[in-house]
Structure formats: C-alpha cells, structure tokens
Amino acid sequence: MKTQQIKSAIASAVAYIHSKQCANGGFCAYKMEYLEEPNPSDTFFAVAALQTLGLEPPNRHQICDYLHSVLNQVQKNFDISPHGSISQAAFNYLYFPLYTLYRLGVTDSVNEWQQAIAQFKMTLPKATNPNTTDITQQWLLRKIRTKKICKDLPQKQPILEFVFRLQHDSGGFGIPPNLIETYWSLAVLRELDYDLAQLHETRNFIQQLQVQETGFSNTIDSLSTNMDVVYAGIFASMLLNLEIFYLESAMQFVLMCQMAKGGFARAPVALPDIETTYRALKILQLQELAKA
C-alpha cells in the first residue's frame, strides 16, 4: 500500500477532527454551523486520536476548561465530591473528562479525585447479556485503568474469574465466541498483568478469523466485518504476538471506511464518528511506523 495514500488519509482525518471542535473547546461528531453540543466522549476520542499521531490538540486550555466544567456539572447532578463515595452511574460520567485530563497531563485534577476513586467499588455483572458483552468489557477496562492511575489497584482474582467465564473451549471469548469480545477480554487481562502467552487456544481462535478479503471476520461462521472487527483483530494479534497474514487487506478495508470529509465510519456505507476515526488512525499509524 502506498505510503502517500495513508499519509493523505491521516491528514484528512486530522482535518475532520479539528472541524468537530466547538467554541468552548469540546468536540462533537455531529457539529454543524448552527449546532454545537460538545460531549466528553467525543472530546476524549478526539484528544486520543491526535495524541496517537503525536499531535497537540488545538486550543488545549479551552479543552481543559470544558472538561473541568463537565466535572463540576457531574458533581452537581450526582451530589458527589472528590472526597466522597461515587456510584456506578456517576463513574460513567466521570471517566471521560477525568481520563482526558489525565491524557493532557493535568494531574492535579486526577489527584483531586483520588480519594473518591479509591472508595469506588467495582461491581461485576452477575449475568452476561450477549448483546452488550463487549460494552461491559470496555467499561471494565476503563474502571481498571482509572483505579490504576489513582494508585488504587483493584482485586484481580474476581475480575479474572469473570473474564474467563466468557471463554469457550475454542479459545474465543463472548456469546457466541467472537473477535471483538476476545480482544476486549485480552485487553482486560493485559491490564491485570496476566500472562497472555499461555492462551494457546485463543491464538488458534484468532488465526482462524484471519480472512483474505478484509483481514478479519468476527466469528468463524461469518465473513461479515466492520472497523471494530478489524481493530480488534489487529490489536488482539499484537497482544498475542501473532503474525497478521492479511494486513494489506485490513488496511484497504480501513481506507474504504473513510468518508468524503475525512472521518471514518464502521463500514464503507455508514456515518463517520470521532471514536471510529480514532480507531482507524491507530491502525493506519501502525502501518506508518512499520515503514519508518
């Protein structure tokens, strides 16, 4: 794949992200000329995307001011303080502004919430909904990371037991076993310093999901794919030190998901968003680094 093609795609994506910044510093995927509704999630992924490329987010001070205003609003809405206990719902609203400030190096804000995060109890689902398992795993990973940056390591064993309840004899994780949930499970295990080298069946499972057409498929019985599947396949393979047989096909699929104004969508015919653009840039940046 031509280096110039990837560089051009990255430049267009950066322009797309910049175009989604609102006047108060926050970001919004559906920002238009007369509509600005910044939100912490889009702001988090916009900052993460630019930092992945080694770029400084524009209007940094305004971004920080916006994130602090979000934290203040969360405190009011949930009647919480940095020194008290917080609920699961409150954590979900705290995560994106708090972790974005952490990524921006604003450690004072993170340290201010250290006591509340330490008191926050991570609860694991008693039953698993097959339609939301990947979301559950993503939020579990976010909770672990937040605990760690606040120097409050969670108890590993209950989390490990929960994750491995999702594993099948095939080595895959999820209901049914699939690539996306397998990746997020591996990411959780890695965050807990679990030795992934012993997951031989999982290695075999992922190898079976490598397909020539698009790089990866989500399940053994299906050839359907999207950006989330390709992202999961590439980074799960990296976690397990697996060779990616059809990386060129995966990269080509990613480029097919770029829309006219530079943003990336989950599929070639879909609406772009900032989170998916972040994932695409992480993938394309790997290709650029490999050629450096």
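Every residue, even glycine, has its Cβ placed from backbone N, Cα and C.
Caution: TrEMBL annotation is automatic and unverified by curators.
The domain 'Prenyltransferase alpha-alpha toroid' annotation in TrEMBL covers 7-67, 154-287.
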Reported mean pLDDT - the domain 'Prenyltransferase alpha-alpha toroid' (7-67): 96
Residues in the domain 'Prenyltransferase alpha-alpha toroid' (7-67) grouped by DSSP into helix, strand and remaining coil: 34 helix, 5 strand, 22 coil
The domain 'Prenyltransferase alpha-alpha toroid' (154-287), counted residue by residue under DSSP: helix, strand, coil: 71 helix, 10 strand, 53 coil
